[in-house]
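Here is the structure we will look at.
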Amino acid sequence: MEVLATDTVSQQERLQAIAEKRRKQAEIESKRRQLEDDRRQLQYLKSKALRERWLLEGTPSSASEGDEDMRKQMQEDEQKARSLEESITRLEKEIDVLEFGESAPAAPKENSAAPSPIRPHSTSPAKEEQKSETMVNAQQTPLGTPKENRKSTPVRSPGGSTMMKAAMYSVEITVEKDKVTGETRVLSSTTLLPRDPLPQGVKVYEDETKVVHAVDGLSENGIQPLSSSEVDELIHKADEVTLSEAGSTTGPAEPRGLAEDVTRTTPSRREITGVEAQPGEATSGPPGIQPGQEPPVTMVFMGYQNVEDEAETKKVLGLQDTIKAELVVIEDSVTPREPAPLNGSAAELPATKEENQTGPTTTPSDTQDLDMKKPRCRCCSVM
């Protein structure tokens, strides 16, 4: 029965402490809102007084009723400003008292080594329990002593109980510090599962989400605790190293064979006026099948260019300084034709005799047909 009564009393005290804390939070919020309103009103009064003073300085020395009213208003505004300044100072002190309690101000540096005075007994049992627990934890884990690795991080709930939050993963980071510049360089980063055995070391940083231990690397001056910014920078560098390693292993440079295959699949035939494309030159096979051909060339498309001038077109296509030649193909016939003489009368008689002796010969129409059957002339450019 006594144990149950004690538990009930402690539970009631905790509820009272929580209610008191909420009441203080609400009071602090209301005082802060009032403080902001007073500051805005004080700023308005100061700017108004400055404007009125500037107007009074520009008026002539002869006083008038309007000037007297303005001076009276300035005096009233100054009194309001003084009262607002006092109210602001009082609210700031009250907020400090509500946030930090009725603790004494910080002692000077020369008295910092003196033992702390006995605290008043006005604090609630819940606060006393929390303070004593904090002191015990501080005595159990002094700075610089090794501590066993834990796979979970303790998180204190609002009710005051300690709840263990399981760790999702661990990261082992190997760093190297330059003694001259003091720069820290990350050598490697390895992700460990929570079930893997964690190496033992000295805890240098801890918060609600992560714990950092220093392993194998004791410096001459001992291990210094890390700040949150240093931990974030270290994690960022480790992520960069991990990404660079992943890129070097999974994303190698494209081999030449792949580039050649891509080049072979793309059409390489290009029609240019004056150049005849041969059938064997349209595509190039693999180097192993046709050793006589040259290896393919990778071409990069740089864009289109609209050219209207013929000279500019030749310049763009590389045909500016070329020589044009005409190729004429002559086929052999049954009776080669002799060139006609300058005077056709002398050769007409033998021709008629030969026609009477040998029979009919080729007519001009047949000659025309023979000329039409000849291949057409082709124009080529000699580069």
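Placed from the backbone N, Cα and C atoms, the Cβ positions cover glycine too.
If you look up Swiss-Prot, you'll see MET1 marked as N-acetylmethionine. For 7-101, the entry in Swiss-Prot reads coiled coil, with the evidence type sequence analysis. The region 'Disordered' feature in Swiss-Prot is assigned to 51-164, 242-293, 333-374. Per Swiss-Prot, the feature compositional bias 'Basic and acidic residues' maps to 69-96, 257-273. Residues annotated as phosphoserine in Swiss-Prot: SER116, SER122, SER124, SER157, SER161, SER244, SER345, SER365. Here Swiss-Prot flags 133-143, 357-367 as compositional bias 'Polar residues'. Swiss-Prot lists THR141, THR145, THR153, THR242, THR361, THR362, THR363, THR367 with the feature phosphothreonine. The annotation S-palmitoyl cysteine is assigned in Swiss-Prot to CYS377, CYS379. Among the features that Swiss-Prot reports, cysteine methyl ester is placed at CYS380. Annotated S-farnesyl cysteine per Swiss-Prot: CYS380, in sequence order, evidence recorded as sequence analysis.
Secondary structure of the compositional bias 'Basic and acidic residues' (69-96) per DSSP (helix as H, G, I; strand as E, B; remaining residues coil): 28 helix, 0 strand, 0 coil. Remark: of the modified residues THR242, SER244, the most isolated position is SER244 (fewest other Cβ atoms within 10 Å of its Cβ).
This prediction places the mean pLDDT of the coiled coil (7-101) at 83. Taken residue by residue with DSSP, THR242 (phosphothreonine) is part of a helix.
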